[in-house]
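K.L.:
One structure follows; several queries about it will come next.
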Amino acid sequence: MEPVDPNREPWNHPGSQPKTACTNCYCKKCCYHCQVCFLQKGLGISYGRKKRRQRRSAPPGSKNHQDLIPEQPLFQTQRKPTGPEESKKEVESKAEPDRFD
């Protein structure tokens with residue numbers, strides 16, 4: 001191993017940079033080319049600027065989806081008042097004809 005020159009910056013030490021330039025190729029050899037290639041190509045990590053995706057605009061003939069919802073009255077439940085005695089009688093009358101003894 002070569003001795004480290006204290007007068008040089010760490011990124012200029014021998015062996016710190018590859019001899020060939022980075023490429024856009026994603027083959028195994030190019031993915032392990034250098035640490036930057038490994039992070040970007042091999043692991044898919046990039047710290048660069050992210051492109052913003054454009055939202056798809058609505059077709060010109062369509063309306064706003066909020067305009068289509070009409071105002072609706074509050075939902076009210078309507079129940080028949082039944083006592084516990086009536087429900088027992090209904091259950092007994094329904095259960096008797098179904099017996100297969």
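The backbone N, Cα and C atoms fix where each Cβ goes, and this holds for glycine too.
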K.L.:
If Swiss-Prot says H33, C34, C37 bind Zn(2+) 1, which of C22, C25 does it name for the same site?
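P.N.:
Answer per Swiss-Prot: C22.
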K.L.:
Translate the DSSP assignment of K51 (N6-acetyllysine) into the three-state scheme.
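P.N.:
Going by the DSSP assignment, K51 (N6-acetyllysine) belongs to neither helix nor strand, so it counts as coil.
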K.L.:
So if I draw a 10 Å sphere around the Cβ of R52 (asymmetric dimethylarginine), how many other Cβ atoms end up inside it?
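P.N.:
The answer is 6.
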K.L.:
Could you measure between K51 (N6-acetyllysine) and K28 (N6-acetyllysine) for me? Cα positions, answer in whole angstrom.
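P.N.:
The Cα atom of K51 (N6-acetyllysine) is 27 Å away from the Cα atom of K28 (N6-acetyllysine).
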